Amino acid sequence: MFLLQRGLMMIRKLIFIEDRTRVLNITFKAGILIGIVALAMAVRLLPTKWGIYLDEYDPYLHFKNAKFIVENGFAAWYEWYDKGQWYPWGIYMPKYDYPGVGFLEALIYMFLSGLGLHVTLLEVAVLLPVATSVIAVLAMYLIGREVYGDVAGFLAATFFALSPTIIVRTAAGFTDTESLGLPFFLLSLYFFIRSVNRGSASSAILSGIFLGLMSASWGAYVFPFNIYGAIMLAAILTNRYNRVLARNFILTISIALVIASQVPLLGPKIVVSSRLALALLAILAIVLYEIISAFVREEKVRLYTSIALAAAVAIGIYVYWATGGIGGRLLAVINPFAASALPIFPTVGEHHPSSWGALYRETRYLLVFAIAGIILLMRRMRLVDLTLIVLGAVSVYVGSVMIRLTVFADIATALLASITLAYLLSRASRQIKEGVVKVKRKVITTRWQGLAVILLIIAITTPIAYNGVIAADRPAAIASSAGGYSKVVSDWMVALAWMRDNLPEDAVVGAWWDYGYWLNVMANKSTLADNGTMNGTQIKLIAIALLSDEETAIGIFKQLGVTHFVVFEPWRTVAGVHIPTRMLGEVGKSTAMMHIAGFEVSDYLALIHGIWWPIGPKARNTTLYRLLYYPFRQEYLSNFNIDMPPPEHFKLIYASPQKWVLVYEVLY
């Protein structure tokens, strides 16, 4: 009896110790995650020290959608035809923008207002990306843990939290499509990897749901669709195909397509879109594999499936290419050299190709460790490892061909590098437990190895963290008047407020497309073009008008119904003289206008000592330069002997405090 009681006491004690250890372990992990999340939020909140502003341009369109929904309801959005954008034609908003961000902004605002909290819609919009970044950080941890354990998860979450590329697009105020797209993508990826790793149908369903939600929020939905397709194809071609994997893949893609087809901008045609070529090809491959396996010996199934797929791919590419089915951004990703032939595409900064040097500067040494991570996974080569290898290879490729897609390269790099570092830490920890290790007949205390790995992680993380803080620690574009300063410059804000309060309600304000959203949303005026760049013909007309003589410009503007025109240049003052910037204002951007209009730069500008000078044979009669240089014409005549005549058909009615923004009335 005594022995029985003693045994029960020992068992109770062991259970208690085990439970306490488990609680301490969970608490420790939760503490680390909270610290990473807090760090991610703190960095992303840095722009708010200059005030609560939306950043860049596209977030203003989503804010406009949210405001419309708050005032008119969700159902009204599906019938909204806005005549104020792309005047005089207007736009059908559900076919122009993804609903995700605007819907969520409105939903959160209405929910908080319903609770009696006094918040503005602008505050909700500005802080939304900070909140959704928390979800993204946690998803990165879950992915890393699923593939290689908790340490890999913590490291992946940390690298994501501090990545300069990702911070720039998820900081407070940058409430663009990535705000929702990134967390939805990472959640979809986590559940997809989980379905591959565990054969879980429920995980495949959740992956499809989040991929569908991503499709309602961000045009980059094509990336995970095709990544999953590439993974499925790789599994078939490397003889790792199984029916559970095929079932889960089809579940994910089917559910995502059902949701995506309900998005007005995408519609049912998304089911057969060339944008999802690899996903659709993978489904075809599964069908072919199953049919061929019923008639051919097992060892030859892969060979015959590969031949059939190759034939299908060749025919599909030919048909799509011949019929123009591949174009725009997708064509630029597949063939970066073809992008230069597109009229507007190469003039958009975020569509420019990146470079290996730029990728290395963004990720620092993580890229090296990511390559090592691929090698580690190839040595282990489970199905989930193949998934990460394909993800890494394709992500780095798409990140190198388009700047905006470098976020995917950063995500893959963070995951793969975290696997390498987790492996090194694991080995060092195991050797520390063993006490010592013999290397070249010498006995070395392995605690130093563990310390070396920790110092290595710190050395890698520090420059990334520094660059991340630098990327976030700046005011919103509108607060700095798009001048590149780390201080508030009020020119654009004051000018927009003046236009809102002083121009007629029915005024049609022309401007280069970069500022369309600001003029439409903040000044509440009808505009000719904006950052959606949907009407290349109208953008080309504006470019031709600005680069032509005033008679030609007036003819085009009358055709479009323009009443006022706005020009912008963030002048730098050097020795009392106003000098244009290289590319921030419209002197530099006029080179992009020339590309679109089909004109020669040398006819207008000369680049001397890094400064564009309007000394080409056509510059003197160019409408844009007459408008821009008008306040400084005497200055340029006396200092540089550049005689720029005043405009004849445009009357200057407003100049911002530093004359960066000029508003002209058009005189017909």
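Just so you know, glycine gets a Cβ as well, placed from its N, Cα and C.
What TrEMBL says about this protein:
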- 48-408: domain 'Oligosaccharyl transferase STT3 N-terminal' (DOMAIN)
- 507-556: domain 'STT3/PglB/AglB core' (DOMAIN)
- 21-43: transmembrane segment (TRANSMEM)
- 124-143: transmembrane segment (TRANSMEM)
- 149-168: transmembrane segment (TRANSMEM)
- 209-237: transmembrane segment (TRANSMEM)
- 249-270: transmembrane segment (TRANSMEM)
- 276-296: transmembrane segment (TRANSMEM)
- 303-321: transmembrane segment (TRANSMEM)
- 363-379: transmembrane segment (TRANSMEM)
- 386-405: transmembrane segment (TRANSMEM)
- 411-428: transmembrane segment (TRANSMEM)
- 448-466: transmembrane segment (TRANSMEM)
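Take the transmembrane segment (124-143) and the stretches 21-43, 209-237, 276-296, 363-379: counting Cβ pairs under 8 Å, 21-43 has the most. The transmembrane segment (209-237) makes no contact with the transmembrane segment (149-168), as judged by fewer than three Cβ pairs under 8 Å among residues 6 or more apart in sequence. In the domain 'STT3/PglB/AglB core' (507-556), the DSSP tally of helix, strand and coil residues is 29 helix, 5 strand, 16 coil. Restricting the average to the domain 'Oligosaccharyl transferase STT3 N-terminal' (48-408) gives a pLDDT of 87. Under 8 Å from some Cβ of the transmembrane segment (149-168) lie the Cβ atoms of residues 29, 32-33, 36-37, 39-40, 43-44, 133, 136-138, 140-143, 174, 182, 362-363, 366, 406-407, 410-411, 413-415, 417-419, 421-422, 425-426, 457, 461, 464-465, 467-468, 470-472, all in the same chain and six or more residues away from its ends.
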